[in-house]
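Have a look at the structure below before the remarks.
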């Protein structure tokens, strides 16, 4: 009667010893039966690691490939046991694949009947071979204990059951033990990245950039593969928080069917949600997804799942045999789902993902918003800038040249300014057409834009009532004309700086800001150069002045002498503006 008490005391002594020293070398023979590490804490619920096998049927002497995978862990312990008597000793023996991270242990009388770690080095994947013994039971189940950290571990994670041919399946469930933690058997861990083979021929794919590799961190990938009455869905992309896609009847967020893969402390959960307006999604407590798998390696999140084409029991799930716009988004997830940092990728049209397979792309910036940015840049970076330079410095140079009955400098200036008014007016209405009204998400950009539009309209109206050159109010007009134009130009540049940071335009940061800073520096530099040149000409005119030459005549003569220089500077300036314009348009249209 004293022996059980003695054994219990001896076992407690062992646990006390190993709770101090642990099992960093993986020699855990003391835990062969219980598979419980004596770490002084309780096992974790809801396992996050997965056991998979390459065959579910065996005969004595067969070899079965066993995989243990999941988020990074330090220690592990794998055994195979009689699935109908999980408290019985280990059966069969193992052969190692990687001797650096795994080692064989003898549990009971069976040599090499368990596998464990060799060190605390972090790992996320273990592969071994199990050899079925001659006296193998009809059903064998693989079990694993995984240690993430010293006090964070999972005990007897249930793996697949493999059976001998024609073995009668028992009436009692095989996946639950007194110590095993129940888990969803539809969840597994992907052992390799997705690939794009079959895109456009066997499955419907959305990729950005076009033709990118789903294994790359720079690739946003979504695929739908029709399989009888269900669809296999794969999603991949770089994300520290979540990846999601949604099916929508329009190109606006709201009333959409969404699917999210969420990274929660290096464990990925897959959920469905119904998006209501622009509010954060409320994740469904129940979903109709099957065969859920995931992988998280080097910052690339990948998940796959299957759902039926029609789900009559889930009213908020859309049928997959209709056409929708497809949204792809990513963002942060720390408790609640945060708003995506970038504009979601949106397909340009509506598509039926179960119809003819296609390999398409999408855009994070709608076409109307791209056109808005491009037209504003052409108007205020190219047309206005050249028009101001011409009016400010080329009056004396082109004063005797005429175009359509007016001085050339005036006609060029007026043509460029009217072009600016036209382009600005067209560009101004595009965001309202796209948004369907006023945008509350764009900060100060729309307010400044309206101010610029008002000044743009006011400027030509004021010019239509300008006094004659020698009228008393001409100086007052000149001052108002200059101040209104200068204010509009300054506000336009500030508005464009603010607009470049808006997600809807999706410009590559920080090159968009550098382009604008470069243009401002370029324009100011040319302006200063021409001002210095004009000052030097005035000084020269004053030096050659005598009683026979009026000051105004001397100034006009001196300005004419700088004709060639100004022509060269203007040519260089126009070419430079074209370079900035091309750079901006390339960024807008992702060329």
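A Cβ is built for glycine as well, from the same backbone N, Cα and C atoms used for every other residue.
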Between the ranges 395-414, 415-434, 515-534, TrEMBL assigns transmembrane segment to 415-434
Matching 353-373, 374-394 to TrEMBL annotations, transmembrane segment lands on 374-394
For the transmembrane segment (415-434), the candidate among 374-394, 446-465, 477-499, 568-589 having the most Cβ pairs under 8 Å is 374-394
Of the listed stretches 374-394, 446-465, 477-499, the one with the highest count of C-beta pairs below 8 angstroms to the transmembrane segment (568-589) is 374-394
The answer for the transmembrane segment (477-499), taking Cβ pairs under 8 Å and residues 6+ beyond its ends, is 373, 376-377, 380-381, 384, 388, 442-445, 448-449, 451-452, 455-456, 458-459, 462-463, 466-467, 505, 513, 516, 520
Counting only residues at least 6 beyond its ends, the same-chain positions whose CB falls under 8 A of a CB in the transmembrane segment (446-465) are 417-418, 420-421, 424-425, 428, 431, 438-439, 477, 480-481, 484-485, 487-488, 491-492, 494-495, 498-499
